[in-house]
């Protein structure tokens, strides 16, 4: 038993866990441990051999394990706290645990637990640790935990019920389903079960075998044959790798599916993508995300695909996906982070930094963003001194500076500098494709391409930093970058050179030298001084590369502008354009585009905003739009080299993307009016340009209206055919709102009115139609019917006569005429009035289109804009003896224009009629107007002749008029004036 | 250990028995109706007739909605080849009949075929529910030793028939599964037999693409997903072992790499992959227990062997959770395709259970 005693000592000296137990307990347990062991002499021996090791050396050497016999039984003394504690052999521990659990050596729950926990420390995934758990029930969960689970389930049940119902509501016929399905497989193909009997395959039934399947059989045989020919070698070297991403269709036809199904499917495909992603099959993941997106585009799928593309190093695709996300959900942190990664890898540290800062604004604690940003910053800083050693950068100032100050001719001109194009130079600025801060126009760098990423953050940084006094890290890099743009040397060949008066021929960065005095209060266009100052400050900041600060200034200026209510679109345009430049520099392409668009709304076809927008679009890989903008730029000024380059590059890209029909997918390229072309250098966009733009807008609107119009008209016609005149009426009325000049619609609507027995309106419509098309037969005929309905038989018969004169074959007209003539006679007989006789227009029907309107007395255009309209209106009023209408007409006519309007219509009738109108309606209301009319009326051509022809009684009327006029009191004329005037008439 | 267990439940998935329903018949199969909170139970009455029941999960209970009795006991069913709009279930019965039922009107089948001479042990479908491009097809495996593929648009005859050539001994086919249906031409059927044979039929080439033997009767085979390039295949066996094959790389002689695990002390009747995550699957054992597993991919799924030929590398498997539900075998298991973690299982103690497995999204 001495053994046992020693053992106990070891046990007591064992580490805390063992020692924690009461010594008594441990002793008792160990004693029990030993009792069965004593029976086995073999084991005893073993024990004795093992003992000295343990007591002599507490820490096991690897040598000890070799003595462990895995196959044999576990010696009983190993079932001990101390031994287990020190044992590092997982397999052996598992064995010990098994023995302990089996209970053959007695049951020691604490020792089992101890052994388990020790084993878990060594290998948490050991199979021996697996325990059978009984199933958990709601009762064994905490209340919170269960209620969460239960609530989730409840919500799901309710949702699912709805979905279930909606699915049941849309039973789809089998035919529709089948239409979209692949054909049935070749019928009853037989496959032998053993692999080597492949070749004995036979088709049992030929029924329903489709050609496709024959081909498949053929194909199979060919492959088989090939393999046979190639022999064993072939077999050796042909592991089959199942990674056929290319065979996965990335587009799904879901046209027949319901929304619910699409949603499920899109989710499912996305899940598949996620799984493939987890298994690092990025290409497959991309394929499945694409499938998901082809069903329903979602932010998550775009985002995930972006990440997969990043992992595949497909930067452009990744960028496109990030942009898609940001379009759907601006400010999406994941997308920003991913875009930053893409930017970083494409060498756009600036843009990457900008994105990361945006992320950090949203989520200040985002560790990934912080880390990436610090990496980028380090890189940028590293790059700078290196570049300082390098040669000068030669840059081409592509465009003139658009600032309206540019013609000040002073050296201090401060203005944003266009993204410029590096040409050669040691450092080359040759970041690989898509250098965002270069406005992205330099995808094909002219430099040698050895610049590597970040080469654009350039040399003279220290200089600027000192000057600007802003030592912010980000700014430092921006400043540095700006320098590149600023250190402009002109390229003689560019047409636009003239405008760049800064820096100029010095070729280095003299233009922006610190010592330069900048007149911040230099006037800027029509801007009030405070705004001008803001703008100049912005310009200076921009020049210094403090884009964010410049941006702020411009924003203030824009705000100030809108508040001040100045009307100077040119200045606002420049402000927007400048701010766009800041955005572009900051890599904020979206806002850049917005500002450019605003600028272009103000000043269509201005070069800079167009170019900036093009660059921004290109950055966003919206190549089509970029292409259109570049093309527009080239229309304005063909000498913009950057635009040429970009157009070429984008063309290639688009051909790659869309194939030979790429042009078909392009949006329309606006036609630049001549006035806007080439003149951009000298003058700000003129009113003509504005007009051109307005015209274009009008054209567009017209086109849209045309479509709508046709649709409405068709609907109207359909209603007429169905006899639903009231509905048709509505459609036609809408038509006329779009196009008030459409004769057919008037006649059609007139028909509806006729059917609805609304004769007055019908007549008005006919009148309108005739105004537009004075020989419209239908209009005449329908007006005749309307007149008949209004019991104006005379007008009716004259209209009918007109119809018959134009086309004697209209039998309906003839019939109507007969009928109406009878009616007319009756009415004449009834009424003693001879009035109609005078206005029977037959005498006037002599092919003169104007005269055909004489029958009108209701629809009078009271606002004539030319002589013809006036004449028509006057005739209408005259023939209807409608002095009131005539008075209204005169009231709305400028007296000065009266002679001009009246000249061709002047005759005795009209004069006396006008006199009557003036006398009976206007004189009381507005004697001044009457006076004025009269004072101009007599200056009409042929007035005196016509006056002479007037019958006596008319002269009498006139005299009365003048008497009354002089009686009416007015400040504008005296009695003498009236007398003088009267003398001219009488 | 205990304290460790107390702290871990937060991170570990839990298998919660939500609903238990005792039935008056032997239930062989239970399946969720897609896009619903309903499931179907298939089985046989003691009097020797078949039964099909529809239950709906409501207020923490499974409510019987419909029950129809059929002349023959029904062994298995699948929704795999139906559209979401129709949701017809295809079943195989003891007499070798393949029937397709409209659950709205389950009195008469919408399709019926005398598919096999003996009991249909297993059935699977693909091409429906948006799972798998290509034609809707049903595969049946029977005791008569044949595996047949059916297109519900074609009456009476199968579109493919896989049977032993004359003279070969017919083995009892216990399980069938579709896979590799990632475009409209490729498609594979995997079948497991009572002698431990596993055969992979390539339906595009109409050939046996691969076969192996796992020494013990194959109770269940399932691809991790049917509608992707075949990725993983899990096969379970009679003596409690299961194998996970990496199906991406097929070595000309070694075939597919695999990892095996013995967890149950008894037959593993079923294996089902989580529809929302193909790397998590549950096995159901003969001792009434469920094991939830996770497969982890190796760093490199493919390497070169000594001859420079690609050979697959199997990953590892870890046990996420297990639970003992019953003393009788769990014969069927089905995850809800719509609600992650919801599953239904039936066992030979004549009861069906609805389980909730939590925290699957954080595994």
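Just so it is clear, glycine is given a Cβ too, placed from its N, Cα and C backbone atoms.
Heads up, TrEMBL stuff is auto-annotated, nobody curated it.
Per TrEMBL, compositional bias 'Basic and acidic residues' is recorded for A:447-459 (among others).
Marked as compositional bias 'Basic and acidic residues' by TrEMBL: A:470-485 (among others).
Residues or ranges marked as compositional bias 'Polar residues' in TrEMBL: A:486-501.
Annotated compositional bias 'Gly residues' per TrEMBL: A:504-514, in sequence order.
If you look up TrEMBL, you'll see A:864-954 marked as domain 'RNA-polymerase II-associated protein 3-like C-terminal'. Remark: secondary structure over the domain 'RNA-polymerase II-associated protein 3-like C-terminal' (A:864-954) totals 72 helix, 0 strand, 19 coil, with classes taken from DSSP.
Taken from TrEMBL, the feature region 'Disordered' covers A:402-514.
Summarising the annotation, TrEMBL assigns repeat 'TPR' to A:266-299 (among others). Among residues of the same chain six or more beyond the repeat 'TPR' (A:266-299), those with a C-beta under 8 A of the stretch's C-beta atoms are 243, 245, 248-252, 254, 305, 307-309, 311-312, 314, 317, 324-325, 328-329, 332, 335.
Among residues of the same chain six or more beyond the repeat 'TPR' (A:709-742), those with a C-beta under 8 A of the stretch's C-beta atoms are 748-749, 751-753, 755-756, 772. TrEMBL lists A:709-742 (among others) with the feature repeat 'TPR'.
Residues annotated as repeat 'TPR' in TrEMBL: A:743-776 (among others).
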Tally of helix, strand and coil residues over the repeat 'TPR' (A:709-742) according to DSSP?
28 helix, 0 strand, 6 coil
Kindly report the helix/strand/coil residue split of the repeat 'TPR' (A:743-776) according to DSSP, in that order.
27 helix, 0 strand, 7 coil
Residue counts in helix (H, G, I), strand (E, B) and coil for the repeat 'TPR' (A:266-299), per DSSP?
28 helix, 0 strand, 6 coil
